[in-house]
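Trainee: Here's a structure for you.
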Number of protein chains: 2
Amino acid sequence: MAVNLSAPSAASLHPVPGVSIGVAEANVRKANRKDLTVFLLEPGASVGGVFTQNRFCAAPVQVCREHLASGDIRALVINTGNANAGTGEDGLVRARQTCIAAARLLNLAPEQVLPFSTGVIMEPLPVDRIEKGLPAAIDDAQPQHWLRAAEGIMTTDTIAKAFSRQVQVDGVTVTVTGISKGAGMIRPNMATMLGFLATDAQVDARLLPALAFELAEGSFNRATVDGDTSTNDSFIVIASNKAKHAKITSLDTPAGQALKGAMLEVARLLAQAIVRDGEGATKFITVRVEGGKTGAECRQVAYAIAHSPLVKTAFFASDPNLGRILAAVGYAGITDLDQTKIDLYLDDVHVAVGGGRNPSYREEDGQRVMKQSEITVRVVLGRGNAADQVWTCDFSHDYVSINADYRS
Amino acid sequence: MAVNLSAPSAASLHPVPGVSIGVAEANVRKANRKDLTVFLLEPGASVGGVFTQNRFCAAPVQVCREHLASGDIRALVINTGNANAGTGEDGLVRARQTCIAAARLLNLAPEQVLPFSTGVIMEPLPVDRIEKGLPAAIDDAQPQHWLRAAEGIMTTDTIAKAFSRQVQVDGVTVTVTGISKGAGMIRPNMATMLGFLATDAQVDARLLPALAFELAEGSFNRATVDGDTSTNDSFIVIASNKAKHAKITSLDTPAGQALKGAMLEVARLLAQAIVRDGEGATKFITVRVEGGKTGAECRQVAYAIAHSPLVKTAFFASDPNLGRILAAVGYAGITDLDQTKIDLYLDDVHVAVGGGRNPSYREEDGQRVMKQSEITVRVVLGRGNAADQVWTCDFSHDYVSINADYRS
């Protein structure tokens with residue numbers, strides 16, 4: 001059960017002019033399953049992307065990087081069921097075959113197609129099935145198919161993830177709509193498993209890489225379920241450039257800020273949705289670290305807390321076993337940390353002061369917060385003025401069950 | 001159930017001349033439980049220790065470091081039930097009170113006593129109960145009480161951990177006997193939760209700190225259960241100097257090598273016993289990384305694998321989902337890693353070659369190894385000649401149950 005996350009309605013998802021989406025059943029791994037999704041972009045769209053920093057990056061990630069560099073992207077092809085990762089040279093060939101097949105059907109060059117795969121690692125991609133499924137996916141393409149796409153890219157997700165916002169840019173209403181997927185192997189480093197965000201706003205193509213990076217930094221790169229950075233993380237930002245306002249040539253203008261704000265809001269909702277649907281999650285936890293010397297050290301401490309199996313199981317049990325949080329702060333790797341300056345809060349409850357238990361802290365107050373489904377852990381390091389936060393979930397029996405059974 | 005680990009017999013544990021041990025019930029946290037252990041050392045013993053690198057180190061760890069610096073240690077006092085960590089200045093006062101109380105009963109200076117605590121974090125140490133329990137523990141002291149001590153320091157351990165060896169040093173038989181405890185919050189960094197190793201060999205007191213460090217590096221510092229470095233890790237090495245051989249003044253002499261070899265063997269067995277008894281463990285896994293540029297990068301990769309919840313749950317399920325291991329290699333943080341040079345073995349089965357699936361690998365071979373209770377994962381990085389290994393266990397439903405219920 002995802003934490004405070006309900007399925008999106010198709011009506012809540014505004015189509016993005018210039019972007020059509022189609023879904024088909026290609027039997028990639030299992031029959032009777034929508035496992036192949038295509039995005040078709042009208043001419044003139046700009047695309048930016050950020051990808052996993054895992055050195056074992058999947059074949060489609062390598063091909064995406066190449067194709068994005070050559071520009072003028074017109075189609076995205078996404079399969080579930082098989083990640084085409086840990087597949088060596090053969091995997092690269094198969095990712096390219098996917099692009100060639102789609103390009104032939106769409107009368108494009110293969111470099112104009114971006115391939116994405118998610119699913120089991122280290123098994124050969126059944127590219128013949130993808131080729132056979134592509135005509136049906138392309139025939140299905142419609143601007144209003146965002147919900148179908150959100151469903152089409154799910155793997156262990158229990159719920160589809162899609163959000164949409166509209167915002168005024170230069171007096172013109174523009175749309176931002178996005179989808180994401182992912183529930184395990186989630187500690188995005190540059191991007192999440194898969195996230196796609198599109199707007200019809202007009203944005204200078206040269207801004208797209210920086211925009212994608214900044215959006216990922218403020219959203220997917222702050223989410224972690226299990227600390228496992230995937231081989232396939234990909235986050236793609238599309239501007240179809242159909243809206244009738246003056247083209248945005250800088251993100252620092254009022255128009256640029258308005259658009260970026262709306263895109264960041266959707267990206268955050270998508271990233272948080274992945275954590276809310278984290279494998280076995282029963283709680284959504286924000287770990288905020290303040291008073292650090294740098295943002296990087298705040299994140300270092302926040303991730304140590306967010307990845308501690310002991311902290312995560314205590315959240316699952318609603319047990320205010322807060323020493324486990326202090327222990328994680330201590331081993332986070334800040335060698336000159338002064339434990340006597342550290343304060344800890346659970347929501348509004350001041351648990352530890354100066355590195356020790358707050359004399360006025362009462363166990364029942366900690367217990368009250370721990371029973372909530374949304375909890376903010378706040379650590380104050382007392383070293384400086386930097387702050388940052390990450391989002392995570394608890395660690396339950398279901399996490400073990402899901403991951404012990406995923407392939408079998 | 002601990003993995004291939006049985007309870008030691010009292011008869012298998014050789015007493016160490018010059019070392020007596022007593023145990024008592026002090027009701028530190030629960031009644032009817034042996035929770036207070038004392039080691040009494042005859043005059044002339046040398047003691048070295050290594051302690052947690054967690055910046056939130058517990059009060060007793062701070063006091064131990066001070067007292068070891070002043071030398072001439074004559075007693076160790078160990079309580080379970082309360083870690084006296086995250087307790088600030090008040091915790092330091094209580095750790096010192098423990099030493100003062102023991103010193104008064106034994107006619108020593110407080111600086112001659114080392115305090116150790118393990119158990120719940122961030123609760124005040126009931127030092128009054130420890131004071132009341134000390135006379136009974138001291139009265140109980142006998143050289144042959146090693147098994148009682150191993151039992152007396154257990155917390156979530158399911159089985160006592162104690163090993164003993166005898167070795168010839170300069171034609172004289174000397175004894176090495178040790179105990180350890182720990183099952184969760186185990187990723188020792190300088191030492192494990194608690195480990196005590198004693199020999200009657202004569203060793204120059206100046207060698208003890210280096211000896212303790214080298215032994216920890218070859219044993220406890222290669223063990224991890226959940227990646228959580230404790231606030232209380234302490235590993236103590238005692239030489240009672242009672243044996244009649246010529247004093248060892250260098251570890252590089254034949255006598256020094258013989259003694260160190262025996263001590264390392266016992267320290268490794270103690271460290272591996274902690275992993276075998278890891279919370280919820282059903283399998284004992286050696287992660288060996290070869291072909292690295294440095295030992296440090298080999299350990300970095302080995303820990304990424306050993307800490308991945310996805311890898312650990314796959315071991316629990318006996319599922320050869322080996323892509324998860326490659327993914328962990330990829331995100332371990334070696335930025336110039338070339339994935340096309342990586343080979344992966346499960347015991348003797350060659351799973352991946354050049355970063356991709358080995359064409360001759362058959363799933364049933366991987367399955368056969370994964371079903372074993374002892375498994376070696378071997379990763380060859382193809383970058384150099386360094387190698388290192390860590391020991392870990394799998395991640396089961398019982399880990400979640402144990403840690404969700406520990407305090408309640």
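For all residues, glycine too, the Cβ spot is worked out from N, Cα and C.
TrEMBL: automatically predicted annotations, no manual curation.
Feature table excerpt (TrEMBL):
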- B:Thr155, B:Lys181, B:Thr192, B:Glu279, B:Asn403, B:Ser408: substrate binding site (BINDING)
- B:Thr192: active site, nucleophile (ACT_SITE)
Trainee: Among the binding-site residues B:Thr155, B:Lys181, B:Glu279, B:Asn403, which ones place their CB within a distance below 8 Å of a chain A CB?
Mentor: B:Asn403
Trainee: Hey, which of the binding-site residues B:Thr155, B:Lys181, B:Glu279 is the loneliest by Cβ count within 10 Å?
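Mentor: Ranked by other Cβ atoms within 10 Å, the binding-site residues B:Thr155, B:Lys181, B:Glu279 bottom out at B:Thr155.
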Trainee: Excluding near sequence neighbours, so keeping only residues 6 or more apart in the same chain, what lies with its CB under 8 A of B:Asn403 (substrate binding site)?
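Mentor: Looking at Cβ-Cβ distances below 8 Å from B:Asn403 (substrate binding site), excluding near sequence neighbours, one finds B:Gly184, B:Glu279.
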Trainee: Give the helix, strand or coil assignment DSSP yields for B:Asn403 (substrate binding site).
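Mentor: Looking at the DSSP assignment, B:Asn403 (substrate binding site) belongs to a helix.
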Trainee: May I ask you to report the DSSP-based helix, strand or coil state of B:Lys181 (substrate binding site)?
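Mentor: Looking at the DSSP assignment, B:Lys181 (substrate binding site) belongs to a strand.
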